[in-house]
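S.K.: This is the feature table in TrEMBL:
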type     : residues                                                       : note
ACT_SITE : Glu1293                                                        : active site, proton acceptor
BINDING  : Cys120, Cys123, Cys167, Cys169                                 : [2Fe-2S] cluster 2 binding site
BINDING  : Ser358, Val359, Gly360, Gly361, Asn362, Asp374, Leu414, Arg442 : FAD binding site
BINDING  : Gln809, Phe840, Arg953, Gly1127                                : Mo-molybdopterin binding site
Amino acid sequence: MEEKQRETGQGSLVFAINGQRFEVSSVSPSTTLLEFLRTRTPFKSAKLGCGEGGCGACVVLLSKYDPVLDKVEDFTVSSCLTLLCSVNGCSVTTSEGLGNSKDGFHPIHQRFSGFHASQCGFCTPGMCVSLFGALVKAEKNDQREPSPGFSKLTVVEAEKAISGNLCRCTGYRPIADACKSLAADVDIEDLGFNSFWRKEETREAKMSRLPLYDHIHEISTFPEFLKREIKSPLLLDSERYSWCKPATAEELQSLLKSIDADSKTRMKLVVGNTGMGYYKGLEHYDKYIDLRCVLELSSIRRDEEGIEIGAAVTISKTIEALKEENNRVFNSECKIVFKRIALHMEKIASEFIRNTGSVGGNLVMAQRKHFPSDIATILLAAGASVHILTGTLHEKLTLDEFLERPPLDSKSVLLNVKIPNYAAVKNISSEMDSKLLFETYRASPRPLGNALPYLNAAFLTEVSCLKSSGSVVLNKCRVVFGAYGTKHAIRAKEVEKFLSGKILTIGVLYEAVKMVKANVVPEDGTPSPAYRSSLATGYLFDFLFPLIDISSKILGGCSDEYCNTSLSKDAQIKQKYSQLDHVQLPTLLSYSEQVLELNHDHHPVGQPIKKVGAALQASGEAVFVDDIPSPTNCLHGSFVHSIKPFARVKDIKFKSKLLPDGVSGLVSVRDIPKGGENRGCTTSLGTESLFADGLTQYAGERLAFVVADTQKHADIASNLVEVDYGIENLEPPILTVEDAIKRSSLFEVPPFLYPKQVGDISKGWAEADHKILSAKIKLGSQYHFYMETQTALAIPDEDNSMVVYSSNQCPEYAHVTIAKCLGIPEHNVRVITRRVGGGFGGKAMKAIPVATACALAAHKFRRPVRTYLNRKTDMIMTGGRHPMEVTYNIGFKSNGKVTALQLDILINAGISVDISPLMPKTILSGLKKYDWGALSFDIKVCKTNHSSKTAMRAPGEVQGSYIAETVIEHVASTLSMDVDYVRNINFHRYDSLKLFYDVAAGDSVEYTLTSMWNKLAASSSFKQRVEIIKEFNRCKVWKKRGISRVPIVYQVFVEPTPGKVSILSDGSVVVEVGGIEMGQGLWTKVKQMAAFGLSSIKCDGVENLLDKVRIIQADTLSLTQGGMTSGSTTSESSCESVRLCCEVLVERLAPLKETLQAQMGSVRWDELICKDMNFDVLLILTFRCSQALRYLTVEVNLLTGETAILRSDIIYDCGQSLNPAVDLGQIEGAFVQGIGFFMLEEYTTNSDGLMVADGTWTYKIPTVDTIPKQFNVEIHSSEHHRQRVLSSKASGEPPLLLAASVHCATRGAIRAARQQLHSWGCMDESYSTFNLEVPATMPAVKELCGLDSVESYLQWEMGRKSRSG
């Protein structure tokens, strides 16, 4: 590799990165751009988040130069899928290339920082590049010049720029605001809380304070030296790189023929390589053939017959071509069809995938591998045809024929696809003036796409309005469904035949819907088959019913004259279907309000300063573990895990013939040194083995650790390991909590951890007027989905010691475990953690075995060893949140007051203890937020043959709080009472709060829940909104809304946390704490506290102390007993520890200050610090409670089960916030993570307990299009209290519990839907009692709203009309 500019070597791979020249003399053709960036350049901003193109962490800008047109084309790409050889002659821009700490940060970086849009920071560089790509694209549009400081982007474009990027920390709202702040049409008043201006300032002042964006002098994305080099084509040496780039179809066929003659050569055709994100094949290919320059495959042609799109044309370019307005070849109806196709394509994947993924590649995947393609469905409905070349044989087939034929072999190439011009196929008669109608549909977990559909559909029909009768006639139609669990998209030809030529009536539509239900039948094994069939009927109904609706409005006295007026049915059809506005693109966020009360008593504590290092995170300069350069001779590791839940491990060996070069060997339990222990985790509650020892006890258990020269080779090798299992004479595994109870497989909960019963349950039952017995709740797991997967780097050091860099929430526990495993003294181990790319509990216990395995491998090979788990392995091994099954009995009075609650809870803890003994206590903590009168429970922690479940943000509390809400709603439903009334009557008074929470209740003035409850109702006009929603539900048939108001009370415990403050000779300050920065703003709060604590010396210059303070990484030999960063209070305990350190330092500096003051009159801070001082103080703190409320409105689409969150209002008691900006981010981020748990994230396993939802394709966390459209938060400042750290309260975990309000509001909308079904005669009086699953996915919601609701409605309508007629 060379970075200097020189004449290009003949046939070499040459490109630029951030303006630097790179020439690569040799490289494997399978090498990705991301792999090269991270291993062979200093640019680390592009991160590996998933390896599937599904998260956006690796996004970079790719620029191509056309020397003929002297034009640069810029577009974002997913660098984890983009092959390095494909960027020959291109320029790559990463986030460091936009700006950095040396050259100055880009306005994008500054705005992300100023809008508090970066927490852990791992995803932020990818977000910034995605936004930059949108800016560059917008600047090339012929739009009017924006105001100074703004771009040509629109607000909608700005929001959509990051719609394909995942973030697990922020809740997206501040990210969207940072993006919108650059938009030309933004209303500055709509932007949320930031560090640039105060709310009361004028619009002009606010605009002037934004970091200036100068779109005219924006950075050059393509360096001049590279333009000069590519005046002549830069062709790669095909032999050296095994990369061929034919220019014509003839050259391509010649290549294919020569390869076919050599049976040993494995060949791969590539365009964007995006298919590797879905089909993660690790097989080796000898030769790659790049199709992007084949003329016949890369062209777009238009003629009177239609538009022909080359198979290698990207989806993005296809969208542009279909949206083109200036083309006069096609009439307006044809253009409408093309635009409908384009709009649907914009929901496929994300833009950085569409920019490289090709239309032909998508269709070939659908044809060869049965990929659930949207493109196949919509083009099939559009009547498209394809052109295939096999040798010298040219074939033109309809898309139907193409999809149904046997899979294409390697000799055949798809050349192009043609979408016809519909003007040539319309039927026109004197009796009827026909109109062409085309519509497409898809149901997926995310409105803007980036998620595979449950089903997609497209309908093309020619309709006419009979002038004599005013009826609508379907002359002919195409009805197509796909992605519902079939091999490929299909035409429902029976339905087409039935509808063609029919006058459209409700009866005709009813028969067609029944036919669709009978024809759209998913294959066996498809999840939610009945739901998918129901979607098909719903979409056909949605397409055709408006035509009947139009007919009914103008029937009754329709004359020929009337039909020829502008109000005729014909005109109404045209109006309804000819405007693009009919395609309602999902809007993202509207105006949101953040209400904060700043505390100036302890300046700078209480001020909303920017997060420490936010700009560094945005530019990609913040160093995570995997960003640390590999030491010399570094090896890389990859885990081999079990796929059996309970079996003997007889043998582990490689499939040697397929093994890649560079594999050093396997590390297993046999490699643990003499005196060491098979220890993967150590806590006060128990231990966990590092590797299975002869017997694997769960699917996903670590069996071995493969070590190789690169991470890629290690991953490949781990997949080539063969494990010989045996189950002879073994009992069946325990895979359910019921089995665990039968076989008495339980973990013991120490008595001091088991909660106490509350009240007299017998008395409670005696006082009850009503009882509900044996009601059930089932709660599943949730994966943490931190953006940075588990990672560690172990380096052997002198004297048999080991230095380990670990992304870890509890380095102290890792330190102890590594020492035990290696059999060395603890002083020979040093664990260092600078920052964590998201943790949420998943990098507490579960990070320890990863660090220990690296240390063991490094000990064995006496070489540095590192690992970065791929997303699939991480998901399988991490374990996730505790699933549980709950049975409850409840007694209550006729007024809704609960008198007794009895619970039986079975917790699935998995195979090892982890934190599971704490779960009973935390569950009850969340549950006790209501006064249950008397509370009795039996909680069992079950040991099963699953991966051990672990801490996940608000472990136990979120389940307990949800159980409480379910019980309250069940009582309200049984009594037919308003659920808010039932909540209110069961609120604690202070005496009952003391009974349930004991000393944790605090003083009576701290119980602010009831006052906040009333405040929320008043501030959000809650009662008026309830009435508005009732009216909405009365008027709307196919959409229903629900509203819910939910309280939480959260008990937190403060653990011991050490702190160390050092004042250096120049007056700068270094602070070290036991707490780990993982996005929660711990460093920021600690920095503020240090500045506040030292400022009490009251000398000149202390007002600038904040800039002099630096927080450094955790080091287990520098600061011992760091404990675990968890429980939402580590920031506060770290702050208190630092504050008391500062008190000691100030006390010791005071005499010197007085002496100097007597001599000099005034003393500056720098003068005072004349000697090097270093003081340590270790502290232990107490605990306290947090309270909050949320009101929320949702809207449910009854045809699909899709739930949209329209508005949310949170009031959160933060006490006296240490940093309102940080706490606001924690509140929003935790709540959105809760949305994932309650609404989206399905943790699915196979029959052996192995997680199968193991990537971004199958596990869907919230995105910017799934959060509340209006996201309002108020931070309530409660009274000062001496037992809290400067009167602050926790904010990291409690807000997650509030997301239960989404689930409750959805229940309300479903109840309205079921009431409607009851009015149609489809449900009995029990319609209001039902159980909504967690998560409340689209299939779950739709099932409760009626899988046959369309048929029921049509039957009801037919009956109503027959009765009235």
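Don't overthink the numbers, they just go from 1 along the chain as shown.
Placement of Cβ uses the backbone N, Cα and C atoms for every residue, glycine included.
TrEMBL does not curate its annotations; it predicts them automatically.
Note that the coordinates shown come from a computational prediction; the quantities given were computed from them, not determined experimentally.
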S.K.: Record lists Ser358, Val359, Gly360, Gly361, Asn362, Asp374, Leu414, Arg442 as binding FAD; longest Cα-Cα distance in Å?
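M.R.: Between the most distant Cα atoms of the FAD site, 26 Å.
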S.K.: Using a 10 Å cut-off, grab the number of neighbouring Cβ atoms around the Cβ of Cys167 ([2Fe-2S] cluster 2 binding site), all chains included.
M.R.: 31
S.K.: Within 10 Å of each Cβ, count the other Cβ atoms, then let me know which of the binding-site residues Gly360, Gly361, Gly1127 comes out lowest.
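M.R.: Across Gly360, Gly361, Gly1127, these binding-site residues, the one with fewest Cβ atoms within 10 Å is Gly1127.
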S.K.: Between C-alpha atoms, which of these binding-site residues comes nearest to Cys167 ([2Fe-2S] cluster 2 binding site): Gly360, Gly361, Arg953?
M.R.: Arg953
S.K.: Taking the mean position of the Cβ atoms of Gln809, Phe840, Arg953, Gly1127 as the Mo-molybdopterin site, which residues outside that list, in the same chain, have a Cβ no more than 8 Å away, listed in sequence order?
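M.R.: Going along the sequence, the neighbours come out as Gly839, Gly841, Gly842, Ala844, Ala951, Met952, Thr1125, Ser1126, Ser1128, Gly1292, Glu1293.
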S.K.: Taking the Cβ of Asn362 (FAD binding site) as the reference point, list residues of the same chain whose Cβ is under 8 angstroms away and which are at least six residues distant in sequence.
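M.R.: Set apart from Asn362 (FAD binding site) by at least 6 residues yet with Cβ under 8 Å, we have Ile315, Ile348, Phe371, Ser373, Ile375, Ala376.
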S.K.: Report the nearest neighbour of Gly360 (FAD binding site) in space among the recorded positions Cys123, Cys169, Gln809, Arg953, Glu1293, comparing Cα positions.
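M.R.: Comparing Cα positions, the candidate nearest Gly360 (FAD binding site) turns out to be Cys123.
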S.K.: Between the Cα atoms of Leu414 (FAD binding site) and Arg953 (Mo-molybdopterin binding site), what distance do you get, rounded to the nearest Å?
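M.R.: Here the two Cα atoms lie 49 Å apart.
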S.K.: Could you check which of the recorded positions Val359, Arg442, Phe840, Glu1293 is the closest Cα neighbour of Cys123 ([2Fe-2S] cluster 2 binding site)?
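M.R.: Closest by Cα: Phe840.
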S.K.: Out of Cys169, Val359, Gly361, Arg442, Phe840, which of these binding-site residues is nearest Glu1293 (active site, proton acceptor) by C-alpha distance?
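M.R.: Of all the candidates listed, Phe840 is nearest in space.
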S.K.: Near Phe840 (Mo-molybdopterin binding site), meaning Cα within 10 Å, which of Cys169, Gly361, Asp374, Arg442 (binding-site residues)?
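M.R.: Checking each Cα against Phe840 (Mo-molybdopterin binding site), the hits are Cys169.
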S.K.: State, in Å as a whole number, the widest CA to CA span among the Mo-molybdopterin-binding residues Gln809, Phe840, Arg953, Gly1127 given in the record.
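M.R.: 13 Å is the greatest Cα spacing among the residues binding Mo-molybdopterin.
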S.K.: When the Cα-Cα distance from Arg953 (Mo-molybdopterin binding site) is computed for each of the binding-site residues Cys120, Cys169, Asp374, which gives the smallest value?
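M.R.: Considering only the listed binding-site residues, the nearest one is Cys169.
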S.K.: Could you state the CA-to-CA distance between Cys120 ([2Fe-2S] cluster 2 binding site) and Gly361 (FAD binding site) to the nearest Å?
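M.R.: Cα-Cα distance, Cys120 ([2Fe-2S] cluster 2 binding site) to Gly361 (FAD binding site): 36 Å.
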S.K.: Among Cys169, Gln809, Gly1127, these being the binding-site residues, pick the one whose CA is nearest to that of Arg442 (FAD binding site).
M.R.: Cys169
S.K.: Restricting the comparison to the binding-site residues Ser358, Val359, Gln809, which residue's C-alpha is spatially nearest the C-alpha of Cys169 ([2Fe-2S] cluster 2 binding site)?
M.R.: Gln809
S.K.: With the [2Fe-2S] cluster 2 site defined by Cys120, Cys123, Cys167, Cys169, which remaining residues of that chain have Cβ atoms positioned within 8 Å of the Cβ centroid?
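M.R.: Filtered neighbour residues, in order: Ser118, Gln119, Gly121, Phe122, Thr124, Leu166, Arg168, Thr170, Met787, Gly837, Gly838, Gly1079.
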S.K.: Out of Cys123, Cys169, Val359, which of these binding-site residues shows the lowest number of other CB atoms within 10 Å of its CB?
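M.R.: Across Cys123, Cys169, Val359, these binding-site residues, the one with fewest Cβ atoms within 10 Å is Val359.
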S.K.: Might you list, by sequence position, any residue in that chain lying six or more from Asp374 (FAD binding site) with a Cβ less than 8 Å away from its Cβ?
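M.R.: The list for Asp374 (FAD binding site) reads His344, Met345, Lys347, Ile348, Arg442, Pro453, Asn456, Gly482, Ala483, given in order along the sequence.
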S.K.: Ranking the binding-site residues Cys120, Leu414 by other Cβ atoms within 10 Å, which is at the bottom?
M.R.: Leu414
